[in-house]
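Participant: My structure is below; once you've seen it, I'll send some questions.
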Amino acid sequence: MPPGNFIECPHLPSQPDTDSHPRDQEDAMSFQGEQYPGVQTPSAETQGFRFNHTMLRMKDPERSLAFYSRVFGMRVLRKLDFPEMQFSLYFLANVDDNDAVPEDTAERNVYTFSQKGILELTHNWGTEDQEGFAYHDGNAEPQGFGHICFSVPDLPAAVAWFDANQVEFKKRPDEGKMKDVVFVKDPDGYWLEVVQPERSRELGQ
C-alpha cells in the first residue's frame, strides 16, 4: 500500500438544496466581492484560479508535524523530497473522513494541488540539529508575515484543548481589545489565529 494509508471513498451524488430561498441562491451566484479603490473585476482568464497553500519553514519536522497533527487535527496529504537540494515539503490539511483522497501518490499530488487551505511545511535538511537556529516569525521587527488562521466550532473547548496540550498562547479570548479571537504559537513561533465563525458577527465595522 502506498505511504499515507488513505482510503478512497466514493463520491456521493450532490443533492439539491431545498432549504435555500431562490433569491439567496441568486445572490450567492452573483456576489462580486466588496469594492474598494484598486479592486478590479476578475477577468475570464482567471476562471478556475484558487488559493491553494501557504508555506512556512520549520526547523524540526518531527516536532512541527506532531503539533499540527495532534493539536489541530491535520493530516499529511503528501511529502515531497528533493535530495539534490536537500529539502522536503510536507502538505497538510484538515481532511474529513468522507473526503475521497486518492491512494495513488501521483493522483494524490493532483488532489493536493487542487485543494483550498493547504499548509505546506518546508524542512531544509539539518536545521533540526543546528543549535540556536530559528526562523523569523514575521512579527518581530522588521514585521512582515503575520499569521495563518484556523476556525473551530467551539472556541472555549478549543482553548481548553490547547491548555491540555501545553500550547503557548499569544492572546487568549478575553485579552486585548478584540474579544473572542485567540492567537497561539507553533513550535517555530509562528502565530496562529483561532476563531469561531459564529462569534464573528459583530467583528469590525
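Count begins at 1; order follows the chain as displayed.
In case you wondered, yes, glycine gets a Cβ from its N, Cα and C as well.
TrEMBL annotations: computationally assigned, not manually curated.
Owing to the predicted nature of the structure, the values given are computational and were not obtained by experimental measurement.
Below are the features I grabbed from TrEMBL:
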REGION    1-27  region 'Disordered'
DOMAIN    50-197  domain 'VOC'
BINDING   E120, H147, E193  Zn(2+) binding site
ACT_SITE  E193  active site, proton donor/acceptor
Participant: Which residues of the same chain, at least 6 positions away in sequence, have a Cβ lying under 8 Å from the Cβ of E193 (Zn(2+) binding site)?
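Facilitator: Non-local contacts for E193 (Zn(2+) binding site): H147, I148, C149, F150, V181, V182, F183.
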Participant: By a simple count, how many Cβ atoms lie within 10 Å of the Cβ of H147 (Zn(2+) binding site), its own Cβ left out?
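Facilitator: A 10 Å sphere around the Cβ of H147 (Zn(2+) binding site) contains 16 other Cβ atoms.
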Participant: As a test of reading the model: what is the averaged pLDDT for the domain 'VOC' (50-197)?
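Facilitator: Averaged over the domain 'VOC' (50-197), per-residue pLDDT gives 98.
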Participant: So how many other Cβ atoms are close to E120 (Zn(2+) binding site), meaning within 10 Å of its Cβ?
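Facilitator: Taking all protein chains shown, E120 (Zn(2+) binding site) has 18 Cβ neighbours within 10 Å.
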Participant: Going by DSSP, is E193 (Zn(2+) binding site) sitting in a helix, a strand, or coil?
Facilitator: strand
